[in-house]
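Report on the following structure.
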């Protein structure tokens, strides 16, 4: 199969939404029956985002094969059906690390290692490898044109375009077209300068996607086309919208997919966007509204919980409910008390690392249990629910996780030292293992017990969900907690690790060690989140069974 490439770059400012624009175009091309994939090239020196602070970088998105990747891969999976893998995201740090490892082995036979050709060749090899087997690959380069870090990546895609030829490669560049209220017009000069910067690297954009808070007038688009050396119909106006799921229709209405197919000589049927039309309709016509409290420690940057936020919205679509997310700092729960949780229709405690704010999360789980408020715990959210139950119901005074308190008499959560991965291999870890890439990662099989809430929601005895954690329920203390009434409703493939817990004495209290948010999509939703939001609506209306 011959693969065609669309290289996506950004200029003027960062955070323009390259990932959303690229994913939207990919969704249209997929709707035309083409096999599409996407890649994200990150210019930072970290080997992967796994050890980066969520408040700096946003969430770490985990792929099925266990790669810790950029949050843009979450957007990709929510827009297209192709599942991302470790081949769909790599960083400058990963490239340099691999090149240096080869140099140490002597693979370069004593050559002087340079950015060109060694680093650029490595980037090109990874792009070609990751795109193999698809009709079209959209390759997004992180950062902004002109950044010193992105130069090797820009050079690599320039070389690739030359090697592939015009009939197999094209460039899509996103820029900002600001509106000046004093002048009463949009300004194209930043876009012109951004393209000029791109041209200085040797790249001529074929499509310009212009971000603005309004539609860009026809005369301004003509001006951009003239000065930036692109066809007028290739200047795409991408105005601000109230939902990212409207972007595919916005791009298609301007014939962007037709431009791509014409350039690559592809004959494909018209795109069927009926699924996206349904998503937009559901989003615009809710029958009610619920407020869900997200109790976390990274709330100053909502992108730290990007997939959870989106999964809640998707669940809202499935229930025809508008979901308002109220971010609650877990430290506020500690310092101000559980009063900050009053008035919520449901409580969600997401994943996290470190002991800051943990007691606040434990209090949130206790509040939800005692007041019969719907509760969904994810990863650490399951662990704090277990700790709270052990302390206050099983009467295991001072119960805790060994991650936060090594002196506890009841370490109900402890480090996993050995487990079987998705491929059946046994993985081992110790307290002294590196932090990076040493967790239980990726999609794992889970057995659900019949007659439980989890089984009812999923409608299946076996499921696959993605993991990212080092700590698990301590099986030595598990019988004591179960005896006190907590139900273990999900177990790992080898039935040695606890994956899902429930409180049978509560109308809706479910917590999972895995991350269900990573597999939720706007078109399909996710059963766990759909059930949770439904319960929130019933709780609000006083219909939730006590």
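Any Cβ shown, glycine's included, is placed from N, Cα and C.
As the structure is a computational prediction, the values presented were derived from the model and not from experiment.
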Given Swiss-Prot lists 14, 147, 148, 149, 187, 188, 189, 190, 191, 192 for CTP, the same-site residue among 102, 223, 246: 223
Per Swiss-Prot, 15, 16, 17, 18, 19, 20, 239, 240, 241 bind ATP; matching candidate in 70, 72, 303: 72
Further L-glutamine ligand in Swiss-Prot, beside 352, 380, 381, 382, 383, 470, within candidate set 310, 403, 407: 403
Residues 352, 380, 381, 382, 383, 403, 470 [recorded L-glutamine binders]: greatest CA to CA distance in Å: 14
Shortest C-alpha distance to residue 403 (L-glutamine binding site) - which of the binding-site residues 17, 188, 223: 17
Recorded positions compared (148, 379, 380) - highest count of Cβ atoms within 10 Å: 380
Per DSSP, three-state class assigned to residue 140 (Mg(2+) binding site): strand
Nearest recorded site to residue 148 (CTP binding site) by CA-CA distance, among binding-site residues 72, 240, 383: 72
Minimum Cα separation from residue 352 (L-glutamine binding site), reported as the residue among recorded positions 15, 19, 190, 515 that achieves it: 515
Candidate nearest residue 189 (CTP binding site) in space, where candidates are the recorded positions 19, 379, 380, 383, 517 and distance is Cα-Cα: 19
By Cα-Cα distance, the member of binding-site residues 19, 188, 192 nearest residue 470 (L-glutamine binding site): 19
